[in-house]
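If you look up TrEMBL, you'll see CYS345 marked as active site, proton donor. Marked as pyridoxal 5'-phosphate binding site by TrEMBL: GLY242, GLU277, PRO278, GLY279, ARG280, TYR374. The annotation substrate binding site is assigned in TrEMBL to ARG280, ARG316, TYR320, GLU346, TYR374. The domain 'Orn/DAP/Arg decarboxylase 2 C-terminal' annotation in TrEMBL covers 30-372. Look at TrEMBL and you will find 37-284 tagged as domain 'Orn/DAP/Arg decarboxylase 2 N-terminal'. For LYS63, the entry in TrEMBL reads N6-(pyridoxal phosphate)lysine.
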Amino acid sequence: MDNFTPVDGALHAEGVSLSTIADAVGTPVYVYSTAAFQRHARAFRDGLTGAGVTRIHLAYAIKANPNLAVLRVLANEGYGADVVSGGEMMRALAGGVPAKDIVFSGVGKTREELTAALDAGIGQFNLELEEEGEVLAALAHARGIRAPATLRVNPDVDAGTHAKISTGRKENKFGVPIDQAVEMYGRLAELDGLALHGIAIHIGSQLLDLAPLETAYRRIGALIAELRKFGHFITRVDLGGGLGVIYKAGDVPPSAADYGAMVARVTRDWDVELMFEPGRLIAANAGVLLTKVIWVKPGVINPYVIVDAAMNDLARPALYDAWHDFVAVRPNGGRMTANIAGPVCESGDTFAMGREIDEVHSGDLAVFRGAGAYGATMASTYNSRALVPEVLVDGDRFAVVADRIQPETILAAERLPDWLKG
Ligand SMILES: *Cc1c(COP(=O)(O)O)cnc(C)c1O
């Protein structure tokens, strides 16, 4: 199932032609499919409930795509939010996620962010270190409340993914070492201002194999048993996100059903509410980056297709050597082997080298697929380019859900100091 398919030879997002969107909004622009977000959100839930995992709390990891309209679509699907900053918490609330359904993760929550989250009444803090727990407890105690919390543990599992998106090995910055967790949990559980409910983990992103997740979950199962031996009440376990998606033909991520079956098997005796934080799985294939070919520049080996999207709009290829399929909006049937690059003055601003693609010419429209997660949210204005806009499609209607922020607007926020004026 795919919500970006050709109709009469022209690529559409649901019922809307991408050419129509390019004419109305210009390029580059991210285009999202409401139906795709909904389908992914439902498939993930069904994978769990279908396997009998029913005491669940789903928190969409909004860093994958924090657009307000996307958050509203997912809140309407009954998803809470996993946030990693005060700004994301603000967005989740604005998107309509109830405070009690918000989980605050992240290794560097500031005291100001902890305070704001306590005042908002969010449902859970995932603690990353003991001192954070002590500070949160003191802040809560001073308000006469107890902060609901779990301790994030680092299970020391190699997720087998790209090093920059791996988070569960002992040398990573996330979580407390699993062999220190029992003692630390005991100390934190003593604090008046904390209501410590359980454990959280998240071992990495774009996982294409269930084995590392299963290993990590089994370690958490053993830890729960150990904590209960010491008299702790463990009622929640947050299993994080990380499931991979198809970016490229040949990628075979686990299905939601396979994941659900594994979770059911491993957690059968845990007797807890399970929490999940999917991000990429929900968002990646719900969006494309629509771009226009500026030039086809002859090259020494292959021609360079120079598009008007660049690394500042979609950073994943430059950051992680990520693959995004590139397809013409109106393919003419021809094929070519080309390099695909943006206008930014860095050789790293290259989306693909020596790739076989639809034949394109100057002025043609094309898309990078799989761009709904970790796309617009990582965009910058490097090279004084505009901040890329976002469009949401729903059936045969569409709306701009984030404006293109022009270089003039960004320039307007800059000042000359007095001594340079005149
Ligand atoms: C990034 C992140 C997620 C989401 O990861 P995906 O790979 O996008 O599913 C979930 N939980 C935490 C704590 C994260 O940092």
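Backbone N, Cα and C define each Cβ position, glycine as well.
Shown here: features listed in TrEMBL, placed on the structure.
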residue : record                              : CB count, 10 Å
LYS63   : N6-(pyridoxal phosphate)lysine      : 23
GLY242  : pyridoxal 5'-phosphate binding site : 28
GLU277  : pyridoxal 5'-phosphate binding site : 26
PRO278  : pyridoxal 5'-phosphate binding site : 25
GLY279  : pyridoxal 5'-phosphate binding site : 24
ARG316  : substrate binding site              : 22
TYR320  : substrate binding site              : 16
CYS345  : active site, proton donor           : 9
GLU346  : substrate binding site              : 14
TYR374  : pyridoxal 5'-phosphate binding site : 24
Those recorded positions of ARG316, TYR320, CYS345, GLU346 having Cα within 10 angstroms of GLY279 (pyridoxal 5'-phosphate binding site): none
Euclidean distance between Cα atoms of TYR320 (substrate binding site) and ARG280 (pyridoxal 5'-phosphate binding site), Å: 15
For TYR374 (pyridoxal 5'-phosphate binding site), the one of ARG316, TYR320, CYS345 that lies nearest, given that the recorded positions are compared by Cα: ARG316
Rounded Cα separation (Å) that holds between PRO278 (pyridoxal 5'-phosphate binding site) and ARG316 (substrate binding site): 18
C-alpha spacing of GLU277 (pyridoxal 5'-phosphate binding site) relative to LYS63 (N6-(pyridoxal phosphate)lysine), in angstrom: 11
In sequence order, those binding-site residues of GLU277, PRO278, ARG316, TYR320, GLU346, TYR374 whose CB lies under 6 Å from ligand 1: GLU277, PRO278
Inter-residue C-alpha distance, GLY242 (pyridoxal 5'-phosphate binding site) and GLU346 (substrate binding site) (nearest angstrom): 30
Segment-level pLDDT (mean, integer) for the domain 'Orn/DAP/Arg decarboxylase 2 N-terminal' (37-284): 96
Residues within 8 Å of the GLY242, GLU277, PRO278, GLY279, ARG280, TYR374 Cβ centre (excluding the pyridoxal 5'-phosphate site residues themselves): ALA61, ALA64, SER205, GLY241, LEU243, LEU281, ILE282, ALA283, ALA373
Pairwise CA distance, TYR320 (substrate binding site) versus the residue listed as 'active site, proton donor', rounded so that it is a whole Å: 19
Cβ neighbour count within 10 Å of ARG280 (pyridoxal 5'-phosphate binding site): 27
